[in-house]
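Participant: Annotations for this protein, taken from TrEMBL, read as follows:
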- 69-96: coiled coil (COILED)
- 22-31: compositional bias 'Polar residues' (COMPBIAS)
- 246-264: compositional bias 'Acidic residues' (COMPBIAS)
- 1-36: region 'Disordered' (REGION)
- 237-273: region 'Disordered' (REGION)
- 152-194: repeat 'WD' (REPEAT)
- 195-226: repeat 'WD' (REPEAT)
- 278-319: repeat 'WD' (REPEAT)
- 320-361: repeat 'WD' (REPEAT)
- 364-404: repeat 'WD' (REPEAT)
């Protein structure tokens with residue numbers, strides 16, 4: 001009777017393992033329908049306040065979890081068998097290698113190294129499978145809590161900034177690289193007013209705290225103050241964007257971008273010139289904002305300065321110098337005469353105008369790349385975002401180090417804070433928008449499935465806490481702004 005070689009035996013053993021594994025998987029798959037049917041019967045027999053669609057989704061997710069862990073258990077058993085086989089083989093080889101006997105220490109080291117490699121393989125497989133399940137679960141949860149309500153389409157180029165009016169009627173404003181600023185009906189998505197007074201890219205838009213007046217900053221080295229009058233149209237029923245077919249996230253190309261005149265901004269009333277033009281900068285004006293009360297305005301420029309103006313006379317009151325490189329943003333405190341400016345020099349500065357005789361300045365250092373924006377929250381906190389892929393929360397009473405740091409996987413653009421709920425919206429270069437609380441805990445990611453979400457870089461975010469339909473707005477270089485409904489109580493409960 002012929003003696004079977006070691007290699008043939010190993011091949012036969014491996015084949016038997018594969019066959020055993022295949023049979024196990026087949027048994028698992030064949031019993032899936034029976035289990036699913038049993039679980040559905042059990043669920044139907046229970047009283048629940050959850051909608052049936054939500055219950056079915058949860059059932060499918062937990063079924064996936066069970067199947068994944070079943071497969072992992074089978075793979076774990078096979079890996080353990082491989083470890084035992086390898087140890088036996090090493091023990092056999094250890095008897096004679098080049099006529100010398102391996103010491104126990106050498107044999108233990110070699111076996112330990114091989115075992116650790118297999119253990120690492122097991123951990124990697126486990127992490128990959130479980131993270132896929134968790135990611136699927138989080139995405140479904142985000143869809144339920146964060147819903148796309150309306151898209152605002154009409155610009156011919158990327159949108160740099162988005163803002164919500166503070167007075168009635170509440171409208172949405174967008175500032176675009178196409179040299180225009182547009183005002184929109186939040187409910188209908190219809191363009192209400194087009195401002196065409198700038199001859200360069202419109203980089204920011206902010207609404208006056210008490211009047212129907214807007215402030216825009218531009219690449220033409222000016223900031224304009226202009227008045228608008230709007231008549232809100234009758235709201236129409238909104239299509240549910242979440243009922244579109246398809247569950248997987250999709251990647252968009254530039255061809256998928258909306259057409260420039262998608263909703264027709266050409267037929268809306270046009271404002272052709274400003275009430276006041278602020279003209280003291282020697283470079284692009286990248287941002288502008290109103291000081292509390294609306295009697296003064298501050299601008300930030302690529303000429304490395306920020307200017308404070310008297311709105312009524314257009315006179316320059318103060319020129320704020322000190323940054324080493326171009327400014328990227330400016331923001332004012334909602335209740336105090338405080339201004340914060342951010343810059344490409346990796347810092348942001350706090351300017352204090354509460355005492356008319358003293359204009360103090362504090363420098364915040366902590367980022368390693370361009371600070372793209374810094375904004376105030378209620379109380380004594382400032383939140384800063386940067387191209388170094390971090391967001392930091394600072395206490396104005398202790399400027400040496402941040403009280404919280406959020407690390408992300410992409411550069412962060414113009415952030416915004418939901419003041420009442422203390423939720424930070426982070427727009428990213430990689431087209432994602434994430435929500436965090438002030439302690440750095442991630443709450444949600446806005447969905448980008450079912451052809452929802454931005455197709456290119458997200459430039460800015462803005463909260464509107466009191467609006468019943470949309471309470472968060474985002475804009476991007478895909479030439480559209482998006483209105484979202486964030487179920488904040490559910491979001492905080494998930495946390």
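Cβ coordinates are placed from backbone N, Cα and C, and glycine is handled just like the others.
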Participant: Give me the mean pLDDT over the coiled coil (69-96), rounded to a whole number.
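Facilitator: Over the coiled coil (69-96), the predicted model scores a mean pLDDT of 80.
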Participant: Report, as numbers and ranges, every residue of the chain located at least six residues beyond the repeat 'WD' (320-361) whose Cβ falls under 8 Å of a Cβ in that stretch; write 'none' if there are none.
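Facilitator: Those are 283, 286-292, 298-308, 367-376, 378, 382, 384, 386, 388, 396, 414, 419, in sequence order.
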Participant: Residues of the same chain, at least six outside the repeat 'WD' (152-194), with any C-beta under 8 angstroms of its C-beta?
Facilitator: 200-212, 214, 216-218, 228-236, 238, 258-265, 268-271, 287, 414, 456-457, 459-464, 467, 469-470, 473-483
Participant: How do the residues of the repeat 'WD' (278-319) split into helix, strand and coil according to DSSP?
Facilitator: 0 helix, 22 strand, 20 coil
